[in-house]
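Asks: Here it is, the structure, as structure tokens.
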Amino acid sequence: MDLLLLEKTLLALFLAAITAITISKLRGKPFKLPPGPFPVPVFGNWLQVGDDLNHRNLTDLAKRFAEILLLRMEQRNLVVISSPELAKEVLHTQGVEFGSRTRNVVFDIFTGKGQDIVFTVYGEHWRKMRRIMTVPFFTNKVVQQYRFGWESEAASVVDDVKKNSKASVNGIVIRRRLQLMMYNIMYRIMFDRRFESEEDPLFVKLKALNGERSRLAQSFEYNYGDFIPILRPFLKGYLKVCKEVKDRRLQLFKDYFVDERKKLGSTKSTYNEGLKCAIDHILDAQKKGEINDDNVLYIVENINVAAIETTLWSIEWGIAELVNHQEIQNKLREEMDKVLGPGHQVTEPDLEKLPYLQAVIKETLRLRMAIPLLVPHMNLHDAKLGGFDIPAESKILVNAWWLANNPALWKKPEEFRPERFLEEEAHVEANGNDFRYLPFGVGRRSCPGIILALPILGITIGRLVQNFELLPPPGQSKIDTSEKGGQFSLHILKHSTIVAKPRAF
């Protein structure tokens, strides 16, 4: 370290210490701040709580302190919400005040500092992006237009598993085939494109880049440099890799999908409105000057992550729980056989006639919530919450997993028991009508993908259970359902091998 850098570092440490001491002295005077561990100069609470701020660790902190707690990470304030009443305040009652988004140093790179829809600040740009994305993605018309494609993709999964001789004996990692299915479902909607197999070179390249993006973004290992600016130089290599991955992904989206669709559109003498795919609507908005080239690519970026990955995680969790709870799997199969008739493959219109299947989906989303802390919220200005002062630009984490797994709010929440949604919790829906259960959030910044995710989950899990007896591999009574958490993700740690024995109809 040269002398100039050393001087700058020491000066930064001194100023940070003075700032931290000054702020800590403000606690309880002009500001009534939420409770939490006492911060130390420069590092705040980072030395006490570390980098791994997953839903379970934050639950433990809430039990120690309060349903609203404040963590100071040097320059960042993290407010953790752990009660339905406070969640309602953040997401609904004060939805405008807390409707913005905070980003960290890595998400700044992957979203172009909020040029997407998920991580943009609340305001005119967000409203414009939401409007542009709603028509091609998030309406019942889209569901009805594409449901036959979803059913076809699910049927292809069933056929491929039946053809795989290993599936019924030693088992297969079915997630790999389901991943192809999810890409085909969403790329049909986005680009009217699909991949023929898991070996398709473009699919392999796309999957690898998306996987690397997720690994880099969801890791906790860069938190120290995000929380503590004086440590940020140590992230230089990490952030360089993030930028390289971001550039390669956006170039791939542009070269192989967006530009290809532009060429296709320009060669058509007459354009059939009924055949428009999502990117056509988005490119129309670009031509009108509503969004720019970068916005188009960041919308594609969001769909690759927010739609494909989260739904895939939930499908994988649902299958794992059914493998480990054979009595529930059998009960679900019996319902479909009774209501639809043996051999009649479940379709999107059938889902409303299958309450136990719906309950299985709800219970999967409750116990194994894909986004357990929701996407972080932020207040642009000083605000009040639960009788406390919340400083401007605080990162608000709603621990939705704990709201749905708190034994004070749910009967035996640690159990996978779909019956709860047919009995004591029969009124609870996934759309946020009960603030104990928020798998998609609620309010202005809720996940609009709920309208796609629920039928895709129902069709996929329904067809697998209809056509196969899903079992652990030989020598195991259950499969491993250990969790792997991320910045705000929750997926299964090990992609387990599943035995799929075809049923005879």
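Cβ atoms are placed via backbone N, Cα and C, with glycine included.
Residues or ranges marked as (E)-cinnamate binding site by Swiss-Prot: ARG213, SER214, ARG215, LEU216, ALA217, GLN218, ALA306. According to Swiss-Prot, the heme binding site annotation covers CYS447. Feature annotation from Swiss-Prot assigns transmembrane segment to 3-23.
Buried or exposed, and what's around them? Tell me for each listed feature.
Replies: LEU216 ((E)-cinnamate binding site) falls within a helical segment according to DSSP.
Applying an 8 A CB threshold to same-chain residues 6+ apart, the list for CYS447 (heme binding site) reads ALA306, ILE371, PHE440, GLY441, ALA453.
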Asks: Please give me the CB contact count at 10 A for LEU216 ((E)-cinnamate binding site), counting all chains in the structure.
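Replies: Other Cβ atoms within 10 Å of LEU216 ((E)-cinnamate binding site): 19.
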Asks: Checking the spread of the (E)-cinnamate site as listed (ARG213, SER214, ARG215, LEU216, ALA217, GLN218, ALA306): what is the longest Cα-Cα distance, in whole Å?
Replies: 15
Asks: Can you check which residue among the binding-site residues ALA217, ALA306 has the largest number of Cβ atoms within 10 Å of its own?
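Replies: The most densely surrounded of these binding-site residues is ALA217.
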